[in-house]
């Protein structure tokens, strides 16, 4: 390896001025042009030596060094031709380009020399000097122009002088800028890098024969890939084009790969791509490709070829030593012979004889091979098929027929084979899709590239030949794919069109499947373009798919604008179609919802399964029967926008839909309107309210007592409904929300009995005939009020509203039974306790209508008056009740139980009730006395468990019952002055009077032993009844003692 210095004029350090060759008289520039370049030269290799590695020398030393180098190079040129070749290469390069590397390559001809050269250019693409030059010129022009404007009135000769001065200043600034740019470029070239980081490189194929010419120009881009060939060479692939280079030595290959990887790395860093702003300076080299056709064929050679181009006429050929090479030569020669003769007049023997004469060898053993190859060539010799005006479909034969290609106006050739070479690479523009014709080939990924190639050729006014081996499978598939995308055809339509023009096509099964897939991809792209297409007038008038997609409802702002617009149209007296129907439909829906809210659904506790039961109708409705209210978002909303064609359109953020004037109602809307219409036609049905009352009726055995009770019941009922009842019921609602009351825990032993409910006590057989049936009277409807926000169950301001889950009372939680309960207050049943013997007790139900509601203020005052009475009677009633229980236990040692409870004691699950305590009839039977006894005493069980002080009474029904029973007991006690019998008071008796009767009987007969069950009263009503009965018992005992005395 030796150091070679080559004199180059113009030098690499030339300025980046225009290429018109402006002469510079500056001394520095002349010095810069007189520079040389140094290379490391080896056998077939020349590497540039960067100027930064050379120590700086003075001008005299540089001249001496250059002269000595020239003399030494002239003496060494006789021994090596590398310096001469480098010198000739410099004449081909531009003055701004740098020769990075040059390696010698192998050639098919012994007398041919080929070099692979890497040339680079430092491009000033930042535009810094141009912008600086423009800025300086503008600054000076404005500055001088301003000063000239101020002095223009003084002398007319001044503007001319100023104008000359401005031009002179601009020229000087331009020259200074050029000098600065030249210095920068010189420095960049000397450092072998660009200050802006933009260095572009390319591969040049140079042929050094009788004259030095350019045969190949390949830009080095970001997608450049380098692969080793495995045979002492390497391949470079750029923009789907592959070129093979084989250096003459291992050292040359090593030097070439090192330099090639360096420039490829810079291309990736700067992201150079094809058809980009980079490498525009290569056009000058492409215009200067002047090598011979044989040299061009060698530069564009491809690997793994089965069918190669014919050799050049001047190529020296020897007899092929092997059979494969012989067959290859036979193929090429056979084509030439068949093209030169008339196939209608000659035979196959004549063709074989001509072939033996040309090859000068006996081809007897290749007879079958020659016949088969002749048939193949005959199939390929058909003229190319014209599929479209700019697309021809042919075979290998058509691609090798130069005259035919030129006659058809073909300048672009699409080669869809791997085994066939490009026959005329310098004459036509080739695009290679190197695939085999088998079922594993993925041809689909190339169809977009082939479509762009054919489209570009059509735009340039050229025609394209698409060929493969026979023009049957691979090339036919490419043309079909192009037809589907270019003309938006379906797969079958494109296939039939191509087969109609060229009947011999037959793509393999794999290619057909890929074509069907490609058709689906094109359909998807069509829909995408249709969605992204601008909303033209035709789209606005389209009524297809004019439905709002989920999530495409109008925004709140559009809804507000729509409402404002509808209000404005309503005030103007213009009602759009369908709005009046919507208004009436909304009105009917609101009426139906109000009527549904009046239906109160209440849970209930039922009576046990006894012989007598209260049977009623269930007036509640389940939620399944209620029509759900449609949300506002489900209603169709449109932002009406009038169009120029008289139609209305809905304008949203993502779409514009046509609004039909008469849109048919949906099935859901029709069903909803029908249900609302039926709800309006339903008659007013009785609704259970909180004012329904429980009335207990009793009957006595004595005829005189029962006879006198017929008129008293009606009279007392009328009186209770007029004055006494209204005054006492008004005090029910006087409950303070913050007041804490005590309530005993109620347990009920009940069993479900359908929709019936109430308290049923088993009477004696003598009383069953006189027992009356329950009468159900519906109460008239009244306007309900909404509950107060801070109201608790039991206050007066929400007595008529629906129960809420979040209310402070326990109404909702306690109503979990499935049957209806008659909630209300117990009527005043027995006003006096004059009867000594009560034989039977029965309970019936009858609602009372026409009761006044009262106000909270009035009832509070009346409630305070009765509070003192309750507190005073509480302790006395408890003591009297305990005494009565002890006396009953002494009197009745044995109990008669029902058949169901006689066998074994049963543990009944206590069920909570929100109105009163219900007990099984087997526990309330008359079993405290002997069968022969005339006294029927019923004793309730008493339990000592109490709830917390802050436990409230749930519902206004309990409050009504408690207060009214308390008042009824007070009235009954006052009317019954001092007797133990209830003379003239009627046959009705409450549970409280029964307890008082028991207590009275026990006190009157202390010696008679009685046994009773102690039970907790069902509610504070029964508790207060205990107080009343105890007080009446004490009064009767005192009167008896006074009479006896």
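From the backbone N, Cα and C atoms, a Cβ is placed for every residue, glycine too.
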Phosphoserine according to Swiss-Prot, picked from 60, 719, 985: 719
Which range of 91-142, 143-194 is region 'Disordered', per Swiss-Prot: 143-194
Where Swiss-Prot places region 'Disordered' among the ranges 58-80, 196-218: 58-80
Other CB atoms, at most 10 A from the CB of residue 468 (active site, phosphocysteine intermediate): 27
Helix, strand and coil totals (DSSP H, G, I; E, B; other) for the domain 'Tyrosine-protein phosphatase' (383-524): 69 helix, 24 strand, 49 coil
